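A short write-up of the structure that comes next.
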Amino acid sequence: MEPLPADHSYNPKALGSWARRTGYKSHKLGDSSSDIEIGITDQNINTNRNNNIAAAPAPKLPPSSYPDSTMTNGAAGNGVKKTAAPLPPGPSPPTVRAPFVPGKRAGTESENVSGAQSSSAANSGPLKIEPLRMYKDSEADAMSQSQDAEDYTLSKHSHMKYEIRETPGLFPLVLYGIQHYFSMIGSLILIPLIIVPAMDGSRRETAQVISSMLLVSGISTLLHCFFGSRLPLIQGASFVYLAPALSIIFSPAFVNLDKEHRFKVTMRELQGAIIISSLFQALLGYSGLFSILLRSINPVVVAPTVAAVGLAFFAYGFPVVGKCVEIGIPQVLIIVFFALYLRKISVFGHRIFQVYAVPMGLVLVWTYAFLLTESKVYTYKGCSVNLVKNITAVIPPACTKHVATMRSCRTDTSDALSSAAWFWFPHPFQWGHPTFHWQTAIVMIIASIVASVDSVGTYHATSLLVASRAPPPGVVSRGIGLEGLTSFLAGLWGTGAGASTLTENVHTIAVTKMGSRRAVEFGACVLIVAAVVGKIGGFIASIPQVMAAGLLVFMWTMLAALGLSNLRYSETGSSRNVLIVGFSLFLSLSVPAYFQQYKLSGNGVAGGVPSYFQQYTTAANGPIHTKYQTVNFALETVLSLNMVIAFLVAYVLDNTVPGSRLERGTYVWSKGRTARNEPVVVKEYGLPFGLSNFFTWARWVGL
């Protein structure tokens, strides 16, 4: 902390912390050379006077220079509200304040928000002296740093290589742009490896869906960087849409279709549902309604909701890995070893094991599996690999017990790479014209709401890493509206899932220290070019199912962990928050289990579905029985989704159970009027090419 200016005058543009901006000077207790902040109340001052300790009162300042938060003086007992300096945050809970930038206007609400009120117990206690936490561990991840204003400024400048508006040189631009996407490759490509085989699609169709997803992801990311929240966030097929898609795939209307036509018929239904949900999401964002909803979405709501998305797939993870344990278990262990044990090893300044844990683990295990296949470990007498490739082939009795092992462990059972064209251009309506039914549309609309809640946490966490301050509510609403438009593109191209902000962005930015928009935009262009190279999609589609499941185990674990990490903004030791999060997570697992297990054995629809997909057949055997089958399907499907139950329970409890803003960890967003007057914020979040000047009347979707 820099010392006070010599004249001790009140100069908001030159002073950083609240104490400096207001001119507050603490009295010296003894001879101390360390910077300290002292919280003083009326009772403290009286006690000091009784003990003959001289206490110089703080100078009187205009009301506008005081912090925004007020509190009732418990010591006085007269109920009069007095303005008091908030106590400095300790190790828990962290406070979130916008960092000071020279030249910005001081004293605004967005700068002075901290742990909003001090408790009455703190007012009546002894004098508290806490040193400022200025030390930073250079080996810690940027995401783990304190969010105090001064601490955050030091953390950002010492950890981020490039911030949001910085443009790297040509070589760093190419390197970091490609690196950013490689570190998130699992989130970009793995969903088609689940949903296309579930719809009885061929390997070639899997490759085509992957190419379409790469194209939509690249276009969506470019649009978001220019016209959305403008944060450096990769857009792609979110895991939020995976469970609803599987529920539609295994619904009674599609599960018993002819295998030859089932893929296209089901995909067209998914397209129609995604298109309708995307229009709803765009309306929610661009109408400004989400700005109102944003006030009630806080870390205690976001944390269990996002965590439930990852935890929901526990029935798929290890059961599929266990199909070939000699390949699946090494896949999981190697990724965990890279991501945890080798995470601090740097090569030329890059933590390659932490950044590339997923692609490096995939390459190593795939090579290992290829060697096992070429060594004829999975070759059995009388069992040809051609029998395994052809699903409709008649299997000889001698090979019956070996077919499952050969399909799961061999690396040469897929013809996706050989059958894929060198160049293939994904285009809208490639699977036919979408079909529209309101019951499936409702399921996807609920998924789009959960995806928006997920994006709120990602926007806030990312802004703390790369921007001068959090975006205004209008910018958040604008970003959600654009996510609706990009999901509309996903519905046109038929990717099987909506396009949303990927939660893993926060971890990637914290690890790679790359917050530049330009790097993300360059990577998006590379993604679009890769989409038209058909062999790339074919190569990805040929990943064995067991190895894909091993990657997904890690990705879903990361998703659950990132969701729970939102609690660092709240008081994690609060019994209120602990009970809300714990209750939400428990019910998110227990309530869907009730729907999924209800009369499961008495219905024949689930009989031909793999065991790890049984939970998505709820619509065929749920407990809701009305005279309208479409109502039954919509309600049973929605209530069987783990993330929906977690969101509903956490949202209701967090907004009804009493708790202070500090305890709840309420997200702090910049005030629109203040942001519009600050050139730095306008450059970070304002629309490019001067487009903001044409939308000055629409403050609810921008600055």
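Just so you know, glycine gets a Cβ as well, placed from its N, Cα and C.
Feature list (source: TrEMBL):
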- 49-58: compositional bias 'Low complexity' (COMPBIAS)
- 66-75: compositional bias 'Polar residues' (COMPBIAS)
- 86-96: compositional bias 'Pro residues' (COMPBIAS)
- 114-125: compositional bias 'Low complexity' (COMPBIAS)
- 49-129: region 'Disordered' (REGION)
- 170-195: transmembrane segment (TRANSMEM)
- 207-227: transmembrane segment (TRANSMEM)
- 239-257: transmembrane segment (TRANSMEM)
- 272-294: transmembrane segment (TRANSMEM)
- 301-321: transmembrane segment (TRANSMEM)
- 327-343: transmembrane segment (TRANSMEM)
- 355-372: transmembrane segment (TRANSMEM)
- 436-459: transmembrane segment (TRANSMEM)
- 519-540: transmembrane segment (TRANSMEM)
- 546-565: transmembrane segment (TRANSMEM)
- 577-595: transmembrane segment (TRANSMEM)
- 633-653: transmembrane segment (TRANSMEM)
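With a cut-off of 8 Å between Cβ atoms, the residues of this chain six or more beyond the transmembrane segment (170-195) that come close are 161-162, 206, 209-210, 213-214, 217, 234, 236-237, 239, 241-242, 245-246, 249, 316, 350, 355-356, 358-359, 495-497, 502, 504-505, 508, 511-512, 514, 516, 518-523, 526-527, 540-541, 543, 545, 548, 551-552, 554-555. Between the transmembrane segment (272-294) and the stretches 207-227, 327-343, 355-372, 436-459, 577-595, it is 436-459 that has the most C-beta pairs under 8 angstroms. Taking pairs at least six residues apart, the transmembrane segment (546-565) and the transmembrane segment (355-372) share three or more Cβ pairs below 8 Å and count as touching. Here the transmembrane segment (436-459) sits apart from the transmembrane segment (207-227); fewer than 3 CB pairs are under 8 Å, leaving out pairs fewer than 6 apart in sequence.
When Cβ distances are compared across the two stretches, the transmembrane segment (239-257) makes no contact with the transmembrane segment (207-227), since fewer than 3 pairs at least 6 residues apart fall below 8 angstroms. Proximity of the transmembrane segment (633-653) to the transmembrane segment (301-321) is established through 3 or more Cβ-Cβ distances under 8 Å for residue pairs spaced 6 or more apart.
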